[in-house]
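Student: Sharing a structure below in structure tokens format, with a few things to ask.
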């Protein structure tokens with residue numbers, strides 16, 4: 001009894017087969033069908049190969065939200081070379097609340113302003129990359145995905161001993177400031193505290209020594225990430241006057257970067273540059289120096305590196321294989337039909353299958369005509 005029930009169940013399942021098998025004796029192979037099959041398998045292999053590279057690739061997803069962190073400190077990473085002696089210049093930060101930030105984290109190093117041949121080559125390469133970034137903004141995704149892998153963004157050390165005197169000052173290091181708008185500036189004289197803010201001892205420096213030609217090797221905010229280029233990296237300005245004033249208006253955007261290699265809380269920024277000559281007689285007032293006025297955006301950007309799921313990769317592969325099979329089968333039938341029409345195998349009113357012709361002959365030979373029956 002159990003065997004009968006099992007046999008009935010198998011027969012029932014067999015009747016539900018949506019993929020009936022055709023015996024090989026009923027299958028006819030042709031050269032055209034083999035050619036189409038070969039082309040189909042080649043196309044499937046190529047598309048599957050390219051799809052594998054799409055599966056391996058990643059992309060950056062950008063999300064925006066309100067920055068709720070107001071208590072933490074903002075780190076400023078600085079590496080600037082000014083064409084003046086270190087004893088003549090001073091750098092400090094004054095925020096929106098008129099709070100002077102101590103510049104103890106900055107190092108003043110006497111250097112030669114002109115770069116060595118190897119350093120100049122590095123600087124030209126950096127400027128070339130910056131130019132491409134300004135033209136092709138999508139390249140920033142490439143930098144995000146390749147952090148910690150690119151060449152170092154710091155100026156390489158001088159490979160030769162300078163013969164000329166140390167006529168410049170390299171100011172490098174980092175500062176921690178409040179997350180409010182502020183002004184980082186480099187001007188004549190060392191900074192001293194003042195009840196109403198701060199002041200610089202500029203009276204002790206000769207006016208003829210003023211030269212605020214400078215080169216920004218690196219300027220970033222937040223955690224410093226090797227391999228990431230910032231908008232002002234590689235900027236070089238040459239002062240044409242002793243009373244030159246350089247201004248940089250910076251908008252900082254907090255950024256959380258999460259890739260498969262690094263997770264960091266950093267900051268991106270955009271900058272607008274302006275420079276002018278201080279001439280009180282002509283109404284152009286101000287102080288000679290380098291001024292970087294920054295403001296912090298209230299929005300935060302989350303940059304996340306994403307990858308195609310494996311199940312989606314399998315679904316796309318199945319779609320490629322099934323789509324090519326169906327398409328090539330339809331095209332093969334369509335081409336075969338067109339060839340038959342061109343070869344005049346199907347002529348309206350003329351072509352008849354052989355079996356039908358034989359059947360008509362048998363009818364004509366065995367069945368008498370009506371006229372013959374009438375005569376008889």
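Keep in mind that glycine also has a Cβ here, set from the backbone N, Cα and C atoms.
In case it's useful when we look at the structure, here is the feature table from Swiss-Prot:
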TOPO_DOM  1-33  topological domain 'Cytoplasmic'
TRANSMEM  34-54  transmembrane segment
TOPO_DOM  55-318  topological domain 'Lumenal'
TRANSMEM  319-339  transmembrane segment
TOPO_DOM  340-376  topological domain 'Cytoplasmic'
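How about a rundown of where these features are and what they're close to?
Tutor: Counting only same-chain residues 6+ beyond the ends of the transmembrane segment (34-54), those with a CB under 8 A from a CB of the stretch are 308, 313, 316-317, 320-321, 324-325, 328, 331-332.
Looking only at the topological domain 'Lumenal' (55-318), the predicted model's pLDDT averages out at 83.
Outside the transmembrane segment (319-339) by six or more residues, the chain places 32-33, 36-37, 39-40, 43-44, 47-48, 51 with a CB less than 8 A from a CB of the stretch.
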